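Everything on this sheet refers to the single structure shown next.
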Amino acid sequence: MGESRQELLNWLNNLLQLNITRVEQLGTGAALTQVFDSIYGDLPMHKVKFNVNTEYAYLNNFKVLQNVFTQRGIDRPLPVERLVKCKFQDNLEFLQWTKRYWDQFYPGGEYDAVGRRKGQGVATGGGPAPRAPSTAVKRGTTPTVGAATRTRTPLGGGVGAASNNAALQNEINMLKESVVGLERERDFYFSKLRDIELLVQQAIELEPTVQGDPDGLVAKIQNIMYSTEEGFEIPETGPEEETF
């Protein structure tokens with residue numbers, strides 16, 4: 001079984017030291033292009049723009065990636081027109097293929113993702129990527145004397161509190177975006193299951209005897225659809241609660 005959406009995003013964020021929360025964000029082309037730079041190490045990353053929000057800029061990013069495909073003889077269509085629309089399914093499928101390609105051709109060793117893109121993009125707040133330089137880790141984890149002094153003064157405390165509030169608000173916004181992406185993904189797969197369920201019902205209506213065959217295809221499909229993990233309990237239906 002392939003990796004889940006979250007596993008793929010975790011891999012991408014660790015590799016590139018980014019903080020991508022939704023698959024749709026890959027439609028900019030920037031992160032996908034840098035994955036191939038981590039493999040070959042010679043892409044013109046100065047031409048790849050991370051902090052952009054126009055389709056024109058996305059297309060320019062994908063031009064860099066298209067040149068890589070052409071020069072390296074990569075036998076895989078690059079569906080740029082679909083990817084730049086930032087749709088979940090198109091970008092998920094391409095990310096899955098990209099990960100398989102990376103697993104096959106990644107040469108190993110350290111990769112300075114932030115340095116290669118000249119500091120563009122948003123660095124993750126968690127631990128360093130397995131291949132990030134150790135100096136970056138030390139800079140991010142070693143407290144300074146000045147920071148400790150500020151926490152003991154009213155003025156520094158105010159600055160520190162404002163900084164913490166901004167960081168917390170940023171984290172809240174990221175979590176909200178993640179929830180939106182998860183809900184969209186849930187709805188997508190639910191609609192697929194519903195379509196399958198309708199097809200099964202139609203098959204039973206056309207040929208009622210198929211339901212009585214425990215070894216038949218219809219019965220096997222139903223077993224997969226309605227089975228649950230051990231210990232799972234369907235929650236009781238109750239009044240809706242307010243969500244924030």
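Glycine is no exception: its Cβ is also placed from the backbone N, Cα and C atoms.
Record features (TrEMBL):
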- 2-103: domain 'Calponin-homology (CH)' (DOMAIN)
- 118-141: region 'Disordered' (REGION)
- 157-234: domain 'EB1 C-terminal' (DOMAIN)
Three-state composition of the domain 'Calponin-homology (CH)' (2-103), taking helix and strand from DSSP: 70 helix, 0 strand, 32 coil
The domain 'EB1 C-terminal' (157-234) [mean pLDDT, rounded to integer]: 71
